Each structure stands twice: as C-alpha cells, then as structure tokens.
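Here is the structure we will look at, set down as structure tokens.
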Amino acid sequence: MNALAATNRNFRQAARILGLDSKIEKSLLIPFREIKVECTIPKDDGTLVSYVGFRVQHDNARGPMKGGIRYHPEVDPDEVNALAQLMTWKTAVADIPYGGAKGGIGCTPKDLTTSELERLTRVFTQKIHDLIGVNTDVPAPDMGTNAQTMAWILDEYSKFHGHSPAVVTGKPIDLGGSLGREAATGRGVVYATEALLAEHGKSMKDLTFAIQGFGNVGSWAARLIHERGGKVVAVSDITGAVRNPNGIDIPALLKHKEVTGKLADFSGADMMNSDEVLTHECDVLIPCALGGVLNRENAGDVRAKFIIEAANHPTDPEADEILSKKGVIILPDIYANAGGVTVSYFEWVQNIQGFMWDEEKVNQELHRYMTKAFHNIKSLCQTHHCNLRMGAFTLGVNRVARAALLRGWEA
C-alpha cells in the first residue's frame with residue numbers, strides 16, 4: 001500500500017473513532033492547494049534541462065503550512081500529497097501552531113553540480129515565492145536538500161519580499177538557523193523513546209537497540225542512546241550493516257564512517273546483511289530510512305518488543321496488524337519523528353522575535369514538547385481504547401477538526 005493510501009486509511013479510522021461529521025471529514029482530506037511548476041535551467045555545459053517541481057499545501061486551520069522540500073527522482077504528486085497530509089497531523093500532535101505542506105523536485109541531486117542545484121532552487125523559488133511566506137507556508141530541508149538549499153531559497157525569496165529569515169527553517173546558523181536543529185529529529189526520537197519506556201517501567205541503559213538507517217536521524221539517535229547507556233547492537237545504511245551483541249562503540253563507528261564514507265570494514269563489529277537489521281534480536285528497533293520497510297514478508301520475523309518509527313511510514317498497514325498481534329508496541333511516525341518540525345517551529349519563533357536561544361534552551365523545550373505530546377497520546381489511547389498510532393491520529397485529527405470548526409469552515 002502506498003504512503004497516500006495508508007495515510008488516508010489511518011485518517012479515516014481516526015475520523016470514525018472521533019465520530020467526525022462526513023462533511024468535515026471530506027474537507028480535511030482535500031488539500032488546500034496543489035502547485036506544479038516547470039523549472040527550466042541551463043546546465044553548466046549550456047544545454048537546457050527541465051524539471052517538475054511540486055508543492056502541496058494541505059491545511060492551514062491551525063497556522064501557516066509547514067513541510068520539507070525534497071530533491072529525489074521519485075518525487076510525485078501522490079507521495080507529496082501523503083507527506084503534506086502527514087505534516088498536518090504531525091504538527092497538531094506536537095501541538096505547534098502549523099498546518100501541513102510538502103514539496104519537491106523530481107531530480108537526482110548527485111547528478112547535478114552545486115551551481116546547477118543553486119539555479120534549480122532559485123528558479124523553483126521564483127515560481128512559488130508568492131505562495132510561500134512567513135505566515136503562509138514555511139519550507140524546510142528534506143531528502144536531497146540541506147541548509148544550503150534553504151539559504152538559496154531565503155535569498156531568492158528576500159529579493160521579492162525583503163529580508164525574511166522566518167520564510168524557511170533548517171537554515172545555516174549564520175543566516176538565523178537554530179542551534180540544535182541538526183540533531184533535533186534524532187534527539188526527539190530519543191525523548192519519545194524515553195517517554196514510552198518510562199511508561200513500561202524501563203530505561204534505555206537496560207535495553208538493546210537496532211537502528212536501520214545511519215544518516216542524520218539514525219546517527220544522532222544512536223549517539224544519544226549510546227550516551228545514555230543503551231546498547232546499540234546492530235546498525236545499517238545503504239553502504240552495509242554491522243552488528244556486535246556486546247554493543248557497538250557508536251563514537252568510533254561515526255568516526256569510521258566519516259573517514260571511509262561507509263559502515264563496512266569497521267573493526268569494532270561484524271558485517272551482516274542489511275535486511276537482517278529489521279529482524280535482528282533487540283529490545284527496540286528504530287527504522288530511520290525509507291518508508292514501507294516493514295511489510296507482510298518480514299513483520300512476522302521481527303524480534304523487537306518496541307518499534308520507534310523515526311522514518312516516515314516505515315510500517316505497512318499489513319505489517320502493523322501482524323506486529324500488533326505479536327504484542328509489539330509501535331510508536332508512530334507522526335509523533336516519534338516530530339522533533340525536527342518542533343525545533344523548526346522554535347527556529348521560526350526565534351526569527352520572528354529576532355532573539356536567538358542557546359542550545360540548552362532548545363533541547364529543554366524539545367524535551368517538554370515531546371514528553372507532553374506522549375502523555376496526550378496516551379490519554380486518548382485510554383479514552384478510545386486504541387493503540388498508539390490511533391491515539392496519535394485521533395489527537396492530531398481532532399485538533400485540526402476543532403480549529404476548522406471554530407473558524408466556521410465546516411459548511
């Protein structure tokens with residue numbers, strides 16, 4: 001099942017649990033605006049090339065729309081739509097005053113030079129500058145984009161609208177980016193995991209962890225789990241996978257990957273098949289890579305007791321059912337990976353106020369938001385006798401529905 005179908009299914013289930021009126025249910029599913037633009041740029045050799053850019057603005061009942069921009073060959077309207085909708089529920093679950101959006105350009109960033117990427121980003125911004133804005137829609141980095149991409153968007157947007165640092169988040173620190181933003185998603189995953197484990201009378205230092213995906217989110221989660229005394233026994237990324245039943249020395253692995261660019265040949269662990277990380281023996285499994293990695297083929301073999309969804313949509317609905325029957329507790333993506341958008345919100349607040357926070361304050365506030373959101377989800381799980389995924393979806397959908405009704409949008 002693709003991401004859009006799965007997201008719609010979860011939304012409809014939450015709407016049923018909440019007893020939403022069919023009119024409000026329908027209006028919440030339909031995106032506010034879908035944008036498709038043609039971006040033509042000269043390549044370095046002088047030839048012209050065209051790429052299609054998308055921005056889906058899903059809902060703004062609770063505030064400006066918010067969501068990443070990804071550069072990836074498989075960017076398509078369905079995927080962008082699903083991710084925009086997920087952002088609407090995610091920002092509501094985290095209780096930050098945003099709606100959801102998502103965007104992207106169908107391209108392969110590694111095939112483009114830095115100057116070509118800059119031209120592409122500036123043309124894309126020129127096409128959508130009047131549809132994004134500090135109080136309208138605030139983009140952020142996503143797959144294939146980074147702080148530099150946001151710097152180009154900020155510069156191009158400011159040519160039309162004057163200096164507007166709050167128009168994007170995930171910027172370089174020198175242009176108003178927030179301290180703590182780089183680690184935010186991984187740190188939020190750890191705070192969410194701590195909240196879940198505390199509920200079950202457990203702590204990180206007593207448990208073993210397997211982490212699938214060792215990019216920004218996975219590497220920060222691994223580092224912070226290691227610091228807290230948790231034992232990371234298996235790690236994988238696109239370059240390979242390693243395991244050590246006694247626990248991997250994460251700082252040493254990070255150093256090895258920085259030097260060699262891969263996990264292979266790390267002296268402190270044995271090589272293993274990447275696919276086996278998902279079914280490796282551990283207490284807590286954290287998928288941090290692409291969607292749909294847990295499916296009906298491998299769900300029955302998962303040995304973890306807890307799954308923390310650091311990636312977007314890593315668990316197919318069929319896998320969800322298999323895992324639930326096995327008694328595996330899943331912390332859903334719309335809560336577990338909300339640390340990034342929460343610190344993006346802090347960045348936006350700092351830019352609007354023109355007053356920057358130190359890193360300790362950013363991390364303290366993130367901890368407060370993640371812990372509070374977990375307790376709100378648990379409370380709805382008890383009210384509706386449902387699992388954590390439906391607890392999170394009912395929390396998010398209910399908040400957006402209430403905002404829409406209070407604005408008088410139900411008609």
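Every residue, even glycine, has its Cβ placed from backbone N, Cα and C.
Note that this is a predicted model, so its numbers are computed, not measured.
Marked as active site, proton donor by TrEMBL: K102. What TrEMBL records for K66, K90, S344 is substrate binding site. According to TrEMBL, the NAD(+) binding site annotation covers T185, N216. The site 'Important for catalysis' feature in TrEMBL is assigned to D142.
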Inset, instruction - Just name the most isolated of the binding-site residues T185, N216, S344, going by other Cβ atoms within 10 Å of its Cβ. - result: N216
Inset, instruction - Other than K66, K90, S344, which residues of the same chain sit close to substrate? List them in sequence order, counting a residue when its Cβ is within 8 Å of the Cβ centroid of the site. - result: G67, M87, T91, A94, I96, Y98, G100, A140, A338, G340, V341, T342, Y345
Legend entry - Under 8 Å by Cβ from K66 (substrate binding site), same chain, sequence gap 6 or more: M87, T91, Y98, G99, G100, A101, D137, V138, A140, V341, S344, Y345
Inset, instruction - Write out the long-range same-chain contacts of D142 (site 'Important for catalysis'), meaning residues 6 or more apart in sequence whose Cβ is under 8 Å from its Cβ. - result: G67, G68, I69, R70, K102, G104
Legend entry - Cβ neighbour count (within 10 Å, all chains shown) around K90 (substrate binding site): 29
Legend entry - K102 (active site, proton donor) CB neighbourhood, other CB atoms within 10 A: 31
